[in-house]
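Novice: The structure that follows is given in the form of C-alpha cells.
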Amino acid sequence: MSEFIRKRIRELVDLINYHDYKYYVEDNPEISDYEYDMLYRELVELEKQYPEYVFPDSPTQRVGGKVKEGFKEVVHRVPLLSLSNVFNEGELYDFDRRLKELIGTSNFDYVVEYKIDGLSVALEYENGLFIRGATRGDGNVGEDVTENLKTIRSIPLRLKEDISIVVRGEVFMPKDEFIKLNQEREENEEPLFANPRNAAAGSLRQLDPKITAQRKLDIFVFNIQWCEKELETHAQALEFLKHLGFKVSPDYVVCRDIKEAFEAIKKIEEKRDLLPFEIDGAVVKLNQLRLRDVAGETAKSPRWAVAYKFPPEKKETKLLDIEVNVGRTGILTPTAILEPVRISGSVVSRATLHNMDYIRQKDIRIGDTVIVQKAAEIIPEVVEVVFSKRTGQERIFEMPKKCPVCGADVIKFEDEVAYRCTGVECPAKSYRLILHFVSRDAMDIAGMGEMVVKTLFEKGLIKTPADIYYLKFEDLVNLERFGVKSTNNLLKAIQASKNRPLDRLIYALGIRHIGQKAAKTLAEHISSIDDLFTITEEQLLCLPDFGEKMAKSVVTFFRQEQTRHLIERLKAAGVNTVSEKKAKSDILKGYTFVLTGALSKYSRNEAKEILESLGAKVTESVSKKTTAVIVGQDPGSKFTKAQQLGVKILNEEDFEKLVKALSREEAEKILME
C-alpha cells in the first residue's frame with residue numbers, strides 16, 4: 001500500500017510540474033484550471049497523510065510557511081557582472097571596434113536579446129535539483145532568496161537532466177501584474193511602486209514567501225554561469241537552457257555583424273510597447289564562448305557584451321477632460337482625457353492622474369497644456385502643467401458626489417486620500433468582490449478560480465456573490481472549460497459552501513478594514529448577520545481590537561439598501577447567516593494551544609477552528625503560558641521547545657478526546673493526565 005501511495009504522489013508531482021511548464025513557460029495549457037486544481041488538491045491531501053513521501057521538487061514546496069528574520073549572504077560561484085551601456089549607433093560601433101581589437105579577429109557573431117528591466121539572480125542546481133538562489137548583490141555576494149524564488153512557477157524545481165549547473169536570470173513583474181498590484185496598493189492607500197523593476201525587487205525580497213507568491217513574478221534565464229557540459233556558442237547555450245526546462249528570453253537573434261545587430265536593436269525598440277514585460281534596452285553579446293575568454297572582463301563588466309539603452313520620452317499635449325473610473329474595490333480614480341499624442345511608439349489619449357490630492361498638488365485643470373510620460377514606460381501619466389500656456393479659461397475639477405457607474409453615494413474618510421463608491425452591486429466593484437468571496441479564506445468554493453469567475457461574469461450569469469447560489473446545471477454545462485462532470489463538481493462545491501461559519505461569510509463580503517480576525521470577532525458577538533444592520537459605532541468600538549475605521553466601515557456597509565438586498569438573497573438561497581456561538585460550548589475557555597506537525601484527520605485550519613469554537617485560544621508560538629502543544633506527524637521546533645519548557649504534549653488521539661469532552665471537568669481531566 002505504501003509503495004502505491006509513494007508512486008501516486010510521484011506521479012502527481014511529475015504531472016503537475018509538467019502542466020506548470022506548459023502553462024508558465026510555454027504559455028500553452030493542456031488542461032482546465034479546475035482539472036489542475038483537483039490534481040493539486042489530491043497531492044496536498046496525500047502529502048498531508050504521508051509526509052514521509054514529500055519530494056523536494058513537489059509543487060507544494062514552492063511556498064514555505066515560515067517568515068524569515070533576514071536573508072543570509074551567499075558568495076557567488078561565478079561573479080554576476082553588470083554590463084557597460086551605450087546610447088546610440090556610434091557608441092555601439094565603437095564597442096564593436098574595441099572587441100575586434102581585443103580578440104584579433106572579425107570572424108564572429110553577435111546575439112541580440114531583450115534587456116529585461118528586472119532583478120538579476122543566480123540559480124544553482126545539483127544533480128538536477130534546485131538547491132539555492134540568490135540576488136546579484138554587489139556581483140560577488142548576494143542574498144539567499146531560495147524560498148521566494150521557489151514561488152516563481154516558471155523556475156523548475158527539477159531539471160529535465162540530472163545535471164549540476166549555475167544559471168543567471170532576470171526576475172521581473174509582467175506589465176499587467178504591475179498595473180494590478182499598483183491599483184490594489186492605491187486602493188489600500190499603500191505607497192505605489194515606481195516601476196515594474198522596483199515591484200519585482202520588493203516582492204522578491206519579502207521576508208514572507210507567501211507575499212512573494214501572491215505577486216506573480218516571472219523569470220527569463222539568459223546565461224550559464226557554470227556547467228559540467230561544454231558548449232560552443234551562446235545561442236547553443238540558450239537552446240540547452242530551454243531543453244532543461246528554463247524559460248529563456250524570446251526572440252533572440254543571431255547577427256553576423258554589428259550592422260545586423262543594430263538593425264535587430266531598432267526592431268526591438270519598435271515593438272517595445274507591445275511586449276507583455278518591461279525592457280529598457282537590448283543586449284548585444286559575443287556569440288562564440290571561447291572568444292569571450294580572450295576578450296576578458298574588467299572588475300565590473302565583461303568586454304564581450306554591452307547594453308544598448310533606450311531613452312525615456314515625454315510629450316506636451318492638451319488635457320481635454322477628466323473622466324472618473326471606478327476600481328474593483330470602489331475607489332474613484334481620475335483619468336485625463338488627452339489630445340492624442342505619440343509616446344514611445346504608441347498613441348496616448350488617456351493618462352492617470354492618480355487621485356484628487358495629486359490633482360490639487362500639481363494644480364491640474366481641465367484645458368491645461370500638460371507634460372505626459374509613460375510611468376515605467378507602461379502607464380501614461382500627467383507629470384506637470386505648462387503654466388506659461390495657461391489662458392484663464394481652464395476649469396478646476398471636483399470629484400462627483402454620486403458614483404458615475406451605479407449612482408450610489410461617494411464617500412471620503414477624513415484621514416484617507418481615496419473617494420469611494422458605497423454601492424454593493426456596482427458593476428465596477430462586483431468582479432473583484434466575487435473573486436474574494438469564493439477564495440479559500442472566505443467561502444472556499446473549490447473549482448471556482450479566476451478563469452471560471454471571469455467567464456460567468458462576462459456571460460452575465462453572476463453579477464453579485466449571491467448569484468453564485470442561483471446557478472443551474474444548464475447555465476454551466478455548455479460553457480467553455482465545462483462538461484457534465486466539472487459542472488456537477490462545481491455545483492456540489494457551491495452547495496457545500498452554504499454551511500460555512502458566519503465569520504467566513506462576513507469576511508467574504510469584502511467589508512473595508514474587516515479581515516479574518518475582525519470577522520471572527522463580529523461573529524462571536526452577534527446572533528446572526530441581521531444584528532449588523534442595527535449595530536452602532538459605539539457598540540463596535542467596545543469589541544476587542546476594533547478601531548474607529550473598522551467601526552465606521554461596518555456601519556456604512558450595513559446601512560446600504562444594496563447590502564440588505566444581497567443578504568436577503570443569500571439567506572433565501574440557504575447560505576448560513578446565523579452565529580454558531582450559542583450552539584458551541586466554552587469548555588476550553590482560558591486555555592491556550594499551539595499546533596505543530598500534520599494531523600491525519602484535520603487540516604491545521606480545521607483543528608484551529610474547532611479549538612476556537614470551544615473557547616480556546618490558538619497561538620503560533622510556545623511559551624510558559626501555553627496550556628498544551630498538539631503534535632502531529634513530522635513536528636517542528638515548537639515540539640522541542642514545549643519539551644524544554646515542560647508544556648503538556650497532546651497527540652491526535654488526545655486532541656479528539658479533548659474536543660469531544662462533554663464538560664469542562666472532563667476537558668480538565670484530559671489535560672491533567
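Each residue, glycine too, has its Cβ placed from N, Cα and C.
What Swiss-Prot shows for this protein is this:
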type     : residues                                                                                : note
ACT_SITE : Lys115                                                                                  : active site, N6-AMP-lysine intermediate
BINDING  : Asp33, Tyr34, Glu35, Tyr36, Asp37, Ser82, Leu83, Glu113, Arg136, Glu170, Lys285, Lys309 : NAD(+) binding site
BINDING  : Cys403, Cys406, Cys421, Cys426                                                          : Zn(2+) binding site
DOMAIN   : 583-672                                                                                 : domain 'BRCT'
Novice: What Cα-Cα separation, expressed in whole Å, is found between Asp37 (NAD(+) binding site) and Lys115 (active site, N6-AMP-lysine intermediate)?
Specialist: 35
Novice: From the centroid of the CB atoms of Cys403, Cys406, Cys421, Cys426, the recorded Zn(2+) site, which same-chain residues not already listed sit within 8 A by their CB, in sequence order?
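Specialist: Other same-chain residues with Cβ inside the cutoff are Val326, Gly330, Pro404, Val405, Gly407, Ala408, Val410, Thr422, Gly423, Ala428, Lys429.
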Novice: Rounded to the nearest Å, what's the C-alpha distance separating Cys421 (Zn(2+) binding site) and Glu35 (NAD(+) binding site)? Just drop the number here, would you?
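Specialist: Approximately 37 Å lies between the Cα of Cys421 (Zn(2+) binding site) and that of Glu35 (NAD(+) binding site).
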Novice: Quick one: pull the CA-CA distance for Cys403 (Zn(2+) binding site) versus Glu35 (NAD(+) binding site), whole Å only.
Specialist: 39
Novice: Are there any residues at least 6 positions away along the chain from Arg136 (NAD(+) binding site) with a Cβ closer than 8 Å to its Cβ? List them or say none.
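Specialist: Those within reach of Arg136 (NAD(+) binding site), by Cβ under 8 Å and sequence separation of 6 or more, are Leu80, Leu119, Ser120, Val121, Ala122, Gly142.
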Novice: With the cut-off set at 10 Å between Cβ atoms, which of these binding-site residues ends up with the most neighbours? Options: Leu83, Cys403, Cys421, Cys426.
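Specialist: Counting Cβ neighbours within 10 Å, the top one is Cys421.
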Novice: Using C-alpha positions only, work out which of the recorded positions Lys115, Cys406, Cys426 is nearest to Lys285 (NAD(+) binding site).
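Specialist: Comparing Cα positions, the closest of these recorded positions turns out to be Lys115.
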Novice: Going by C-alpha positions, which of the recorded positions (Lys115, Cys406, Cys426) is nearest Glu35 (NAD(+) binding site)?
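Specialist: Its closest listed neighbour, by Cα, is Cys426.
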Novice: How big is the gap, in Å, between the Cα of Cys426 (Zn(2+) binding site) and that of Lys115 (active site, N6-AMP-lysine intermediate), rounded to a whole number?
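Specialist: If we compare the Cα positions of Cys426 (Zn(2+) binding site) and Lys115 (active site, N6-AMP-lysine intermediate), the gap is 42 Å.
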Novice: Look up Lys115 (active site, N6-AMP-lysine intermediate) in the DSSP assignment and report helix, strand or coil.
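Specialist: Once the DSSP labels are grouped into three classes, Lys115 (active site, N6-AMP-lysine intermediate) ends up as strand.
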Novice: Measuring Cα to Cα, tell me the gap between Leu83 (NAD(+) binding site) and Cys406 (Zn(2+) binding site) in whole angstrom.
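Specialist: Cα of Leu83 (NAD(+) binding site) to Cα of Cys406 (Zn(2+) binding site) measures 52 Å after rounding.
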Novice: Return one of helix, strand or coil for Arg136 (NAD(+) binding site), based on DSSP.
Specialist: coil
Novice: Tell me the Cβ neighbour count for Cys406 (Zn(2+) binding site), meaning other Cβ atoms within 10 Å of its Cβ, over all protein chains shown.
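Specialist: 19, counting other Cβ atoms within 10 Å of Cys406 (Zn(2+) binding site).
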